[in-house]
Amino acid sequence: MVEQVKTGRVAILGAGNMGGTILAGLLRAGRAPADVVVSARRPERAAELKQRHGVEVLANVEAAAWGDTVLLAVKPRDIAGLLAEIGPALRPGTLVVSLAAGQTIAALEGGLPEGTPVIRVMPNTPSLVDQGMSVLSPGTHCLPEHTERAQDLLSSTGKVLQVPESYQDAVTAVSGSGPAYVFYVAEAMIEAGVLLGLPRPTATELVVQTLFGAATMLRQTGEHPSILREQVTSPGGTTAAAVRLLDDQRVRGAFMSAIEAACNRSAQLSQF
Ligand SMILES: NC(=O)C1=CN([C@@H]2O[C@H](COP(=O)(O)OP(=O)(O)OC[C@H]3O[C@@H](n4cnc5c(N)ncnc54)[C@H](O)[C@@H]3O)[C@@H](O)[C@H]2O)C=CC1
Ligand SMILES: O=C(O)[C@@H]1CCC=N1
């Protein structure tokens with residue numbers, strides 16, 4: 001249990017999609033339920049978490065005072081109120097890790113007692129199946145030990161990368177929102193299969209396995225996607241016909257514009 005010593009006691013504030021995902025991931029990775037607490041606004045949710053995971057559910061202030069690491073997993077609009085609520089209860093040296101999109105380190109540090117070590121993180125939903133991508137940026141009061149703690153905590157649900165905070169809007173657009181683009185492509189491919197007369201379950205199985213296989217090839221071969229695409233594309237064949245149509249429809253450009261729009265939106269959200 002070397003891991004536990006590094007991260008200490010973890011308090012997760014806000015037990016929605018991401019908070020619940022990280023909680024389940026920590027427990028799957030072998031952390032004892034006694035070393036994690038959560039806060040939940042709705043009593044039904046609190047009862048469910050207690051029953052399913054055997055963890056203690058506390059009020060925000062009690063949870064924040066208990067944790068060595070406090071993970072903020074509420075919506076961005078609820079962050080400022082939460083910081084004001086928990087700030088006075090934090091013990092000196094408590095590490096605050098925020099998952100909130102668009103909430104800058106300056107805003108987080110400004111809402112907490114002077115000197116609080118803060119880490120800004122952009123996770124994504126595949127954390128639910130331990131294939132998450134969490135990207136962190138340490139605040140101005142973080143020591144290497146704090147960053148290590150956050151890395152340790154987040155690595156229980158997937159990969160972790162550290163970047164300068166100036167990259168976080170682009171990161172949000174690429175990997176934070178990224179799973180949604182892949183699900184969008186999956187939907188379109190399934191509908192195409194159905195259009196061509198395949199039963200829906202068959203079309204779904206073909207698409208899910210194809211996406212999984214293609215992603216695994218990218219990971220395992222380390223090849224550039226263009227090379228892998230060329231390998232599928234026979235001269236005068238079916239793939240070339242399809243890819244020409246995608247190019248005619250400017251699908252690559254549409255993806256670039258979409259991801260740029262997400263990045264701009266993330267920057268806009270940081271203003272509030
Ligand atoms: N869903 C996603 O794909 C991603 C979400 N995020 C970030 O994670 C954070 C959480 O997002 P989700 O889990 O999707 O939202 P969610 O709405 O599922 O969960 C938020 C939870 O916080 C609770 N809550 C609200 N105010 C509270 C308070 N003052 N005290 C305690 N609990 C409170 C709500 O009842 C809810 O259960 C957001 O800041 C979001 O930007 C980051 C990356 C990806
Ligand atoms: O859509 C959003 O704003 C959040 C941030 C990244 C993924 N979901």
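Glycine is no exception: its Cβ is also placed from the backbone N, Cα and C atoms.
Marked as domain 'Pyrroline-5-carboxylate reductase catalytic N-terminal' by TrEMBL: 9-102. Over the domain 'Pyrroline-5-carboxylate reductase catalytic N-terminal' (9-102) the predicted model carries a mean pLDDT of 95.
The annotation NADP(+) binding site is assigned in TrEMBL to LEU13, GLY14, ALA15, GLY16, ASN17, MET18, ALA73, VAL74, LYS75, PRO76. The C-beta environment of LEU13 (NADP(+) binding site), restricted to residues of the same chain at least 6 apart in sequence and closer than 8 Å, consists of GLY19, VAL38, SER39, ASN60, ALA63, ALA64, VAL70, LEU71, LEU72, ALA73, VAL74, LEU82, ILE86.
Residues or ranges marked as NADPH binding site in TrEMBL: ASN60. Cβ neighbour count for ASN60 (NADPH binding site) (all protein chains, 10 Å cutoff from its Cβ): 21.
What TrEMBL lists as domain 'Pyrroline-5-carboxylate reductase dimerisation' is 165-269.
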Around the Cβ of LYS75 (NADP(+) binding site), the count of other Cβ atoms that are within 10 Å: 12
CB within-chain contacts under 8 A for ASN17 (NADP(+) binding site), separation at least 6: THR125
Listed binding-site residues adjacent to ligand 2, that is, members of LEU13, ASN17, ASN60, ALA73 whose C-beta is under 6 A away: none
